[in-house]
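A.B. asks: One structure, pasted below without further comment.
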Amino acid sequence: MPTNVSDHAKKNNLVGVEFLLELPTTLSKPNKKWQVAFIKIYCSRTLLNCAKHAIPKPGLIHRSLSYTAIDLGNHQDHKEDSKIDHETLNDLVKNKNQEKLDSLGGPNGLVSALKTNTRLGINDEADEIQRRRTTFGSNTYTRPPSKSLLHFVIEAFKDLTILILLGCATLSLGFGIKEHGLKEGWYDGGSIFVAVFLVVAVSAVSNFRQNRQFDKLSKVSSNIKIDVVRSGRRQEISIFDIVVGDIVCLNIGDQVPADGVFVEGHSLHVDESSMTGESDHLEVSLTGNTFLFSGTKIADGFGKMAVTSVGMNTAWGQMMSHISRDTNEQTPLQSRLDKLTSSIGKVGLLVAFLVLVVLLVRYFTGSTKDESGNREYNGKKTKSDEIVNAVVEMVAAAVTIIVVAIPEGLPLAVTLTLAYSMKRMMKDQAMVRKLSACETMGSATTICTDKTGTLTLNQMKVTDFWFGLESGKASSSSLSMKVVELFHQGVAMNTTGSVFKANSGSEYEFSGSPTEKAILSWAVEELKMDMEGVIGEHDVVHVEAFNSEKKRSGVLMKKKKGEEIRVVHWKGAAEKILAMCSTFYDGSGVVREIDEDDKIKFEQIIQSMAAKSLRCIAFAYSKDNGEETTKKLREERLSLLGIVGIKDPCRPGVKKAVEDCQFAGVSIKMITGDNIFTARAIAVECGILTPEDEMNKDAVLEGEEFRNYTQEQRLEKVERIKVMARSSPFDKLLMVKCLKELGHVVAVTGDGTNDAPALKEADIGLSMGIQGTEVAKESSDIVILDDNFASVATVLKWGRCVYNNIQKFIQFQLTVNVAALVINFVAAVSAGEVPLTAVQLLWVNLIMDTLGALALATEKPTNDLMKKKPIGRVAPLITNIMWRNLLAQAFYQIAVLLVLQFRGRSIFGVNEKVKNTLIFNTFVLCQVFNEFNARSLEKKNVFKGIHKNRLFIGIIVVTVVLQVVMVEFLKRFADTERLNLGQWGVCVAIAALSWPIGWVVKSVPVPEKHFFRYLKLNKRS
């Protein structure tokens, strides 16, 4: 039956019922009883109201009134998540469908349709979040599948030398079976096959594990934190936990985490270059463009957005699902090693070619004999199969020499040490984004660091405040209500932070930057500010967001009720705000002119605060904007309200970290936006400024002064500068360029969006994981996860460790290369045969390439690394010290093995096969003992800290065990003979002499200038 209920009543009742149905069901029993009682009362009144409207005249009562039944028990099971379908939401932002947005009632209508609230956000209950995730999808995108182990196996088989060896193995296998039958003939070819597959397997597994490691790091680096409002509380959540309907808070430098619509904020500009390629920043406002794309960056301003699409429903998600991380990044060191590998490979190719020619000549001239002493080649009497088989063996030997000569283990060693160090650095609070940064950091000569959060704890608290020329501690209780009200306005309306209190008994929660949180906490606790009340009474007309150039933020506002008077509030660096003021409020609320004496007093107050390491923030006010346009805030003839001093203590251990870096020869420069007095006080406290530096007038200066120097003056003074205060991001960039021009390897820390140019320009960009914006992180090479300078010092140590480990491996591998090439060449030329077979050489190759790389590339950093001077930009990869060590060991091995080659049979009274086994065994054991020598390039004690490196010990044990198996049990496979205990003792004794030789050689001094430079000088002369 129709009723005469008015549309207005219907609307009110519908809103009321909806409000009731939105209440959570997870309540305690007493609360549930109160809720049921409230619902009954409310519904009774609603039905009565409906009845009143349904009866137009008294006395006319219909016999069958319509009624509404409300199920209060299970209403949430039937509740829809939103009033808008999935496809419409996806189309809305992706196609910038303004018409559709208008039909929904604009941003506010969209918020209602999504059943969320601009101020309160969505309900924080797990069921509600899961329901939205199920309905609209999660904020993740499908990644391209990781490369499988089979992929790396196939890649390993593409190596030309491996293919040639496989070809030789196939021919050898075929001829062997044809000549000796399947039972005996498969050994030679089969042995090469097994050895090749072993090398391929180890290489493929190593690369596969490294790829998996990069995938894990990629997931960690993409898991950024986002500020959202849920149940009225601003909180930080993972980007992957964002759901449709979330209200996301956006600030300068943030990445937009999903597609959405702008619902609140000011001066918001977005960098859409990652999506559109356009470099111009796009303004976002309620009256213009309101659409925000996932993956874009906030360039300026602040605001809130309602999420409309997540994950694969966004253009960014679809694009990222087709992009795989490139793990084949070539670092500078790898490039240098590729050149070194190429050079050594050419030498090896030449030696192998000469060996092949000599072997062929000796064979076809009848100079070689078989085991019975008969000539192997007898002209036409020799079968063609025998000739081909002999030639194949010679080619296999020559190719194996190439395999041994080419140090393909060098790139593998770099990859292993970088992957290992990346994993360990994550535990030390440093996430590597670019591989090259690991090794480059080891060469760093200068570190330019921020102050806030890096050298200090970033736990800020207001400890000093002045109202006019009176100390707040003495006068806050008797402060004029007019001044308190103005402070309330200036703090509550001119902030990007927020205050939340769950209920009357709970404590306040403050969110925002550390500075904002400190000021909000002070205003609430000391000045009894009610932030919600102040915001509710005022409207924001225009905002000038804080940026590091102006070092201030301002707001133009008016009261919602009463006169249309617009007032301006500014907040920022004390001396900047003071320069904009002509009057000040004293504690009693009287406005006074600022004369010269007052100005000096205010400057003294600021300096006294700064001398106590306090950050000084001033507040100013103007009743009249003085500008016709709302786009420009008044910046002169303001009234100073007061000054607050914020304490940010130095981090524990930062002084020790600074001293360690300085002792390591690395210059530390502090670049901060604070005033010169605060900067100087912090620099002294952290140990950056020493008493000697205090005598240097160029040690501390302001950014503007440095900026105004000529380029020649900057280059002359930049190395002496220790502290640059009141600096802008441009000043930081300018300093980095000057230092690089002077040949320094520069590391820079940064956290803001405007730091991006300096982070990119530096040799190593270090962004902050906690305070750093996403723009800064993407511009950096390494993210310092705990924002601590001590972690920067740890990264420096790891960088040196990476470089040092690779140098150790180069020394170890070149020793083997030189020895193997010389022995095989001399033996081939003189005796017409190589003492080491293809299988034996492949085993040596496996020891020195893969196992050697694992053993030496995973050494942990030691404090000794911080006692050396920085390597710098142009230091040679192979130093004089390395040449000294490797040549001494190589010559020793060559001498011993050549004696065994030519006199071994007579010395030990053994046959040819046992002699060759002695050579092979001695050669391998020499490498095992020399691996200990390679642990330290300069230290004589090579066993120091060896108990801490279990992997090294494990690899040595595995190598020795496998060598015993090769000699004693795999005779046919390895072409060896069993050795008795005496012969094993001789092999071990010869190899063990590597230790005393290494100890003596390290006592020999070497010149600092690389000997290749002497050669260049001689050529020039």
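A Cβ is built for glycine as well, from the same backbone N, Cα and C atoms used for every other residue.
Keep in mind that TrEMBL annotations are predicted by a computer and have not been checked by a curator.
Sharing the features that TrEMBL gives for it:
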type	residues	note
DOMAIN	97-177	domain 'Cation-transporting P-type ATPase N-terminal'
TRANSMEM	160-177	transmembrane segment
TRANSMEM	189-208	transmembrane segment
TRANSMEM	344-364	transmembrane segment
TRANSMEM	394-420	transmembrane segment
TRANSMEM	814-832	transmembrane segment
TRANSMEM	838-857	transmembrane segment
TRANSMEM	951-970	transmembrane segment
TRANSMEM	982-1001	transmembrane segment
A.B. asks: Could you tell me the mean pLDDT over the domain 'Cation-transporting P-type ATPase N-terminal' (97-177), as a whole number?
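C.D. replies: Reported value for the domain 'Cation-transporting P-type ATPase N-terminal' (97-177) is a mean pLDDT of 84.
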A.B. asks: Rank 344-364, 814-832, 838-857, 951-970, 982-1001 by Cβ pairs under 8 Å to the transmembrane segment (189-208) and hand me the top one.
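C.D. replies: Stretch with the highest Cβ contact count: 838-857.
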A.B. asks: Need a quick answer: max count of Cβ pairs under 8 Å to the transmembrane segment (160-177), which of 344-364, 814-832, 838-857, 951-970, 982-1001 is it?
C.D. replies: 838-857
A.B. asks: Which residues, given as numbers and ranges, are at least 6 beyond the ends of the transmembrane segment (814-832) yet have a Cβ under 8 Å from it?
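C.D. replies: Answer is 344, 347-348, 351, 354-355, 358-359, 362-363, 367-368, 397, 401, 404-405, 407, 841, 844, 848, 878, 886-887, 889-890, 893-894, 897-898, 901-902, 919, 923, 926-927, 930.
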A.B. asks: Quick test of the contact rule: Cβ under 8 Å, at least six residues beyond the ends. What residues does that give for the transmembrane segment (838-857)?
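C.D. replies: That would be 165, 168, 191-192, 194-196, 198-199, 202-203, 206, 396-397, 399-401, 403-404, 407-409, 412-414, 416-417, 420, 805-806, 808-809, 812-813, 816, 820, 920, 923-924, 927-928, 931, 934-935, 951-952, 955-956, 958-959, 966, 973-976.
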A.B. asks: What does the DSSP secondary structure composition of the domain 'Cation-transporting P-type ATPase N-terminal' (97-177) look like, as residue counts for helix, strand and coil?
C.D. replies: 52 helix, 1 strand, 28 coil
